[in-house]
Amino acid sequence: MNLTELIIKGILILVLFGVTLLIAMYSTWAERKVAGFIQIRFGPNRAGPGGILQPLADAGKMFFKEDFIPSQANKWLFILGPCLAILTALMSSAVIPFGESIKYDDLVIPVQGIEINIGILYVFGVVSLGVYGLMVGGWASNNKFSLLGAIRAASQNISYEIGFGLSIIAILMMTGSLSIRAIVEQQHGFAWNLFNQPLGFIIFLTCAFAECNRTPFDLPECETELVGGYHTEYSSMKLGFYLFAEYINMFVSSAIISSLYFGGYNYPGMDWVRETLTGSLGAATGHNLATLIGTLVLFGKIFFFIFFFMWVRWTLPRFRYDQLMNLGWKTFIPLSILNVVVTGFGLLFDIKYATWAIVVVMVILALVSSARAPKPAVQPQRT
Amino acid sequence: MQLTNRSKEVSNKQMTLAEKMYLPAIAQGLAITIKHFFGKKVTVPYPEVKRYLGPVFRGHHILKRDEEGRERCTACGLCAVACPAEAISMVAAERKKGEENLYREEKYAAVYEINMLRCIFCGLCEEACPKQAVYLRHDKLVPIFTERDQVIYGKDELVEKMNDRYIRTNPDAQATPTEPSFSRSAT
């Protein structure tokens, strides 16, 4: 690796890191804006035009609050908790391919933190480490509500990790690679995995909600039952880090969902765009510009999913804990195993859209069941 | 007693498979929220847009003049007596010769002060006044003050300006202006 490559790679990593932080920062603003709009309000609109400076104001507030450590808490673990949470959240974006490649002289540098051939496994490993942040923080607080929140977070994440992992096995079977870049490259153009794996997508999406501790699965911080959950005792920027880690996780899981199921930086007509640009602007510039367009497309998809996360959050109420566990263990795990089996049959007999069979059967069953359900008796209007 | 006809009877019947899948219901919910997302917002962004508060709103005090421009107040002190917050104080004086075009009655208020920190804007002074002299304007709020010496309002701020006469809209139902659009500020 020569110096130029090193510099370009370094700049690239710093830019990706900065963009991750920036998006997480503005997700807090966007969340409040979306919440406002969905509740027919305006959301924050005082700090700067449209409230655009609100994240800075929030960060300033967080920094100037008293940084309190309870006297009975385990001091070092108490500090370690939020550090772990934000560390693991930031680490997982390293393997996501944000674009094709940059051409400089005769160098070809992929737009990605690092390309490793077990990319998706790395993401899963880091995401499951994220539980430690919550567990350590909740345990070190020496507060029963924090501990309950931490236990909930741990059991929820572990339960949903199984469904999460099983749902992408179907994709791994189809692509034959663990590298996220390889998975994205196989979805070239408009051959997105979504069209082959509709059920897997829905399971993956729901599990991603659960992994990010977002509503409807935000049991770990359920205010009505647990005060503030695992971050009850936290204040100042330590609390800020926990909240920030949640938003970074949201960004990363949006990026992974769009890479795995929505084709990443692929979009219909990308070959034509590339040919036109390289034809008119020269090989290197045209290629870089085409890469940039692909990256923008990927970010468009990511923003859509971040919006979707918020949209769902402000629509659905929270699940009860037993409902959560039932959904994870009794619905998603069997369904994703079925999905794997059907995908296997599809690969064996070379049927491309085999998993649609599950969807069709489920829709038919649902229609039959609602048709056969006893009609509610017409209630006479009380006067 | 039935208040609306939108109430639904709750039942604990077995859910059908379609309902157990949640997804149709979730899609319905998402459709409702996205409709709200693009819908008209109900918030009135207050300092920029001011709503019309109706002709009965009780705002800034005003000491009225009559149609010839003479002060109506005769310093009888009934407003000060009626005031539950004891915000009003006044010093009466006798009208001199040649001041007939200034004061309507033979006695007038030389000093008339309202302590705006005490005032609770109940409007009892307005009701007590036998000369229709003191009113609470429906179209103007007492401005924010930041210093203690801005709190007590004297006659210079209270007496009606001749070039800016205050007329309360006829409170009869027919004449009451209907709710104006949010973009229109209070008149």
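Residue numbers in this text run from 1 along the chain shown.
Just so it is clear, glycine is given a Cβ too, placed from its N, Cα and C backbone atoms.
From a predicted model like this one, the values you see are computed outputs, not experimental measurements.
Annotation source TrEMBL lists transmembrane segment at A:6-26 (among others). Counting residues 6+ beyond its ends, the transmembrane segment (A:6-26) has Cβ neighbours under 8 Å at 55, 59, 90, 93, 98, 102, 104, 107, 109, 111, 113, 244, 247-248, 250-252, 302, 306 in the same chain.
Here the transmembrane segment (A:76-99) has Cβ contacts under 8 Å with residues 16-17, 20, 69-70, 110-116, 119-120, 122-123, 126-127, 129-130, 132-134, 136-141, 180-181, 184, 230, 233-234, 238-239, 241-242, 244-246, 248-249, 251-252, 255-256, 259, 264-265, 291-292, 294-295, 298-299 of the same chain, all six or more residues outside its ends. According to TrEMBL, the feature transmembrane segment maps to A:76-99 (among others).
Feature annotation from TrEMBL assigns transmembrane segment to A:119-141 (among others). Beyond the transmembrane segment (A:119-141), the same-chain residues lying 6 or more positions past its ends with a Cβ under 8 Å from any Cβ of the stretch are 70, 73-74, 77-78, 80-89, 91-92, 94-96, 147-151, 153-154, 157-158, 161, 164-165, 168, 172, 178-181, 183, 211, 213, 220, 229-234, 242, 245, 249, 252, 256, 260.
Among the features that TrEMBL reports, transmembrane segment is placed at A:162-184 (among others).
Positions annotated as transmembrane segment by TrEMBL: A:239-262 (among others).
Taken from TrEMBL, the feature transmembrane segment covers A:289-312 (among others). Beyond its flanks by at least six residues, the transmembrane segment (A:289-312) meets 23, 27, 30-31, 34-35, 38, 98-102, 111, 209, 212, 214-216, 250-251, 253-255, 257-259, 262-267, 270, 273-274, 277-278, 281 of its own chain at Cβ-Cβ distances under 8 Å.
If you look at the transmembrane segment (A:332-349), the same-chain residues 6 or more away from its ends with a CB under 8 A from one of its CBs are 160, 162-163, 166-167, 169-170, 173-174, 197, 199-200, 203, 206-207, 355, 357-358. Sequence annotations record features per position, and here TrEMBL assigns transmembrane segment to A:332-349 (among others).
Nonlocal intrachain contacts for the transmembrane segment (A:355-373), taken as residues 6+ away from its ends with a CB within less than 8 angstroms of a stretch CB, comprise 170, 196-200, 335, 338-339, 342-343, 346. The annotation transmembrane segment is assigned in TrEMBL to A:355-373 (among others).
Proximity of distant same-chain residues to the transmembrane segment (A:162-184), defined by a Cβ-Cβ separation under 8 Å and at least 6 residues beyond the stretch ends, is recorded for 95-97, 110, 112, 115-121, 123-124, 193, 196-197, 200, 203-204, 206-208, 211, 256, 259-261, 263-266, 328, 332-333, 336-337, 339-340, 343-344, 347, 355.
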